[in-house]
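Following: one structure in structure tokens, then a few remarks.
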Amino acid sequence: MGVFVVLLSIATLFGSTSGTALGPRGNHSDCTSVDRGYQCFPELSHKWGLYAPYFSLQDESPFPLDVPDDCHITFVQVLARHGARSPTDSKTKAYAATIAAIQKNATALPGKYAFLKSYNYSMGSENLNPFGRNQLQDLGAQFYRRYDTLTRHINPFVRAADSSRVHESAEKFVEGFQNARQGDPHANPHQPSPRVDVVIPEGTAYNNTLEHSICTAFEASTVGDAAADNFTAVFAPAIAKRLEADLPGVQLSADDVVNLMAMCPFETVSLTDDAHTLSPFCDLFTAAEWTQYNYLLSLDKYYGYGGGNPLGPVQGVGWANELIARLTRSPVHDHTCVNNTLDANPATFPLNATLYADFSHDSNLVSIFWALGLYNGTKPLSQTTVEDITRTDGYAAAWTVPFAARAYIEMMQCRAEKQPLVRVLVNDRVMPLHGCAVDNLGRCKRDDFVEGLSFARAGGNWAECF
């Protein structure tokens, strides 16, 4: 395959809603779109935090998405999260245990709980599901179509972190990209298919800008867990009390409540290859409770990997410095988590490419977005009260790192400008940039954009890792 498998040991979201239960069923033909993402059950699925399937935020963008007529794109970097997956191993065990305890202890399972009588947990763990694979094929097609003046003749240089769901996501992106090209009568018919060019091992023995592992103090941090525990203690007991009243014989902890809520998104994305069937777990909770759940997951990521953790943003500094190198076509300067052996080799880190695609995990995307300063306007999130999306400066896990999340960093040349302009799109939302002078379309001059990444260029507070 020509893939470099590196084995080098070098180091609708927070707003309040009514308290009625939600139980819609979707039309599967309308559930997914290459350009708009997941379109079913938006009043619910947009409140699933990082377990939400990608949906376009174009309508929420403060700047227009279209490229002006007097400009043309000259460079694109896409950074994407893997597609929808089964729960992790530890979560799989926790979810199954909660369900088994209810089945064992409940003396009655009436009405909307009746499905639990014969429910058998069978989602597996860790890996992409068919819906997640389709999401990444759609991303490949979207990337091809959006930048077709380039993609008709140029292949992206593709990297992935070496976990099965991330690597497979990159492969599915390539597949979707090539399928779109083959359906384009204007494409170069002699252009070979792109491939996954570099797969970077994960773990504490490897420097890897697409997966955090080597910052010792960060890996030992409990800041995110503590924040999540604080808010869980605020909202979950009332839900547990309500459920216990409906389920005689059952006693539920706060963690049990969160486990049952998580079953809703995970099962929905696993039941069909387009997620058109809503899990019966979703009907067990009210709209107001889903608003609280969504905030919990956003809080967890903010304090775990974003601006709420003193060592969160620096986990993304290595990738930010790689972006600078690609934008400026100059060697990488970094002393954090960059793999210097890879990045010094033009075969594994070219500087002359036009299109780049990197694939990673949600947590890494959060750190990278903060290292880029995209959410510098987000103030510390309350650990006791739900804050509306307008108060978080556009940050929410469902808006930021849903399944198949994608950020596009575009560079464009415009007739009236001597220097190229840069803008950043997160899930189709053109981001208000910080640290550089932004024009009325959300763009900065490239050199100003790079200069504004002072936190990354200085290496952040990486020295505090050890």
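Positions of Cβ are set from backbone N, Cα and C atoms, glycine also.
What Swiss-Prot lists as signal peptide is 1-19, and the listing cites experimental evidence.
Annotation comment: Swiss-Prot describes Asn27 (among others) as N-linked glycosylation site, evidence class sequence analysis.
Residues or ranges marked as disulfide bond by Swiss-Prot on the basis of similarity to another entry: Cys31-Cys40 (among others). When secondary structure is read from DSSP and collapsed to three states, Cys40 (disulfide bond) falls in the coil class.
Per Swiss-Prot, 1D-myo-inositol hexakisphosphate binding site is recorded for Tyr51, Arg81, His82, Arg85, Thr88, Arg165, Lys301, His361, Asp362, and the stated evidence type is similarity to another entry. The secondary structure of Tyr51 (1D-myo-inositol hexakisphosphate binding site), as reduced to three states from DSSP, is helical.
The disulfide bond annotation in Swiss-Prot covers Cys71-Cys414 (among others) and rests on similarity to another entry. The secondary structure of Cys414 (disulfide bond), as reduced to three states from DSSP, is extended strand. Around the Cβ of Cys414 (disulfide bond), the number of neighbouring Cβ atoms within 10 Å comes to 18.
Take the CB of His82 (1D-myo-inositol hexakisphosphate binding site) and look out to 10 A: across all protein chains shown you find 30 other CB atoms. As annotated by Swiss-Prot, active site, nucleophile applies to His82.
Same-chain residues at least 6 positions away in sequence with a Cβ under 8 Å from that of Asn105 (N-linked glycosylation site) are, in sequence order, Gly249, Val250, Gln251. Feature annotation from Swiss-Prot assigns N-linked glycosylation site to Asn105 (among others); the stated evidence is sequence analysis.
Of all Cβ atoms in the shown protein chains, 7 besides its own fall within 10 Å of the Cβ of Asn120 (N-linked glycosylation site). According to Swiss-Prot, the N-linked glycosylation site annotation covers Asn120 (among others), on the basis of sequence analysis.
Marked as N-linked glycosylation site by Swiss-Prot: Asn207 (among others). The local packing around Asn207 (N-linked glycosylation site), expressed as other Cβ atoms within 10 Å of its Cβ over all shown chains, amounts to 24.
The Cβ of Cys215 (disulfide bond) lies under 8 Å from the Cβ of Leu311, Val314, Gln315, Cys337, Trp462, Cys465, Phe466, each of which sits 6+ residues away along the same chain. Following the DSSP three-state reduction, the secondary structure of Cys215 (disulfide bond) is coil. If you look up Swiss-Prot, you'll see Cys215-Cys465 (among others) marked as disulfide bond.
Sequence annotations record features per position, and here Swiss-Prot assigns N-linked glycosylation site to Asn230 (among others). Within 10 Å of the C-beta of Asn230 (N-linked glycosylation site) there are 15 other C-beta atoms, taking all protein chains into account.
Cys264 (disulfide bond) falls within a helical segment according to DSSP. Feature annotation from Swiss-Prot assigns disulfide bond to Cys264-Cys282 (among others).
Positions annotated as N-linked glycosylation site by Swiss-Prot, on the basis of sequence analysis: Asn339 (among others). Asn339 (N-linked glycosylation site) falls within neither a helix nor a strand when secondary structure is assigned with DSSP, and so counts as coil.
Under the three-state DSSP scheme, Asn352 (N-linked glycosylation site) falls in the coil class. Within 10 Å of the Cβ of Asn352 (N-linked glycosylation site) there are 8 other Cβ atoms, across all protein chains. Residues or ranges marked as N-linked glycosylation site in Swiss-Prot: Asn352 (among others).
The 10 Å shell around the Cβ of Asn376 (N-linked glycosylation site) contains 16 further Cβ atoms across the protein chains shown. Mapped onto three states, the DSSP output places Asn376 (N-linked glycosylation site) in coil. Look at Swiss-Prot and you will find Asn376 (among others) tagged as N-linked glycosylation site.
What Swiss-Prot lists as disulfide bond is Cys436-Cys444 (among others). In the three-state DSSP classification, Cys444 (disulfide bond) falls within a strand. Counting only residues at least six positions away in the same chain, the Cβ atoms of Leu421, Val422, Arg423, Leu433, Cys436, Ala437, Val438, Gly452 sit under 8 Å from the Cβ of Cys444 (disulfide bond).
Asn230 (N-linked glycosylation site) falls within a helix when secondary structure is assigned with DSSP. Separating the Cα atoms of Asn120 (N-linked glycosylation site) and Asp362 (1D-myo-inositol hexakisphosphate binding site) is a whole-number distance of 28 Å. For Asn207 (N-linked glycosylation site), the recorded positions whose C-alpha atoms fall inside a 10 Å radius of its own C-alpha are Asn339, out of Cys31, His82, Lys301, Asn339, Asn352. Of all the recorded positions listed here (Cys31, Cys40, Cys264, Asn376), Asn376 has the Cα closest to the Cα of Lys301 (1D-myo-inositol hexakisphosphate binding site).
In space, Asn376 is the closest of the glycosylation sites Asn339, Asn352, Asn376 to Cys40 (disulfide bond), judged by Cα positions.
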